Amino acid sequence: MFSTSDQVSKMNSRILSALLILGIATCVIAGGFCPKSRHPQCNLSYKINDCCAQSDCRVGSVCCVEGCGNVCRAESDTPLGEKFVDGSECKHGHVFPKKWYQFR
């Protein structure tokens with residue numbers, strides 16, 4: 001049948017495969033935090049949303065709520081900023097507030 005070295009080799013490859021899957025799952029689940037906002041106040045009359053979901057950002061980045069719109073920022077180890085919540089109302093690009101006559 002199999003020699004001892006074949007069994008050890010198969011066991012090692014299974015362990016490595018399990019560790020790889022565990023590592024990938026940890027990275028996906030971790031998600032990261034938003035760093036401190038660079039511009040908490042916005043002087044513009046509109047916002048620019050670069051992201052409207054976490055999937056809009058590259059790996060290692062997270063969609064964060066900033067004063068002038070949502071932006072992808074490098075993940076932080078500590079929660080200092082506000083992370084965008086997937087499923088929240090959002091529109092990509094330039095977003096202008098309602099005109100005074102549209103409020104009711």
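Glycine is treated like the rest: Cβ placed from N, Cα and C.
Features of the protein shown, as given by Swiss-Prot:
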- Cys34-Cys64: disulfide bond (DISULFID)
- Cys42-Cys68: disulfide bond (DISULFID)
- Cys51-Cys63: disulfide bond (DISULFID)
- Cys52-Cys90: disulfide bond (DISULFID)
- Cys57-Cys72: disulfide bond (DISULFID)
- 31-76: domain 'WAP' (DOMAIN)
- 1-30: signal peptide (SIGNAL)
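The average pLDDT for the domain 'WAP' (31-76) in the predicted structure is 93. The two recorded residues, Cys72 (disulfide bond) and Cys63 (disulfide bond), show a Cα separation of 4 Å. The disulfide-bonded residues near Cys64 (disulfide bond), taking a 10 angstroms Cα-Cα threshold over the set Cys42, Cys51, Cys90, are Cys51.
Distances between the Cα of Cys57 (disulfide bond) and those of the disulfide-bonded residues Cys34, Cys42, Cys51 are shortest for Cys51. Note: the domain 'WAP' (31-76) comprises 3 helix, 17 strand, 26 coil (DSSP; helix = H, G, I, strand = E, B). The disulfide-bonded residues recorded for this entry are Cys34, Cys42, Cys90, and the Cα of Cys90 lies nearest to that of Cys51 (disulfide bond). Spacing of Cys68 (disulfide bond) relative to Cys90 (disulfide bond) is 13 Å (Cα to Cα, whole number).
Comparing CA positions across the disulfide-bonded residues Cys34, Cys42, Cys63, the one lying closest to Cys52 (disulfide bond) turns out to be Cys63. Here Cys34 (disulfide bond) comes close to Val62, Cys64, Val65, Arg73, Ser76, Pro79, Leu80, Gly81, Glu82, Lys83: these same-chain residues lie at least six apart in sequence, with C-beta atoms under 8 angstroms from its C-beta.
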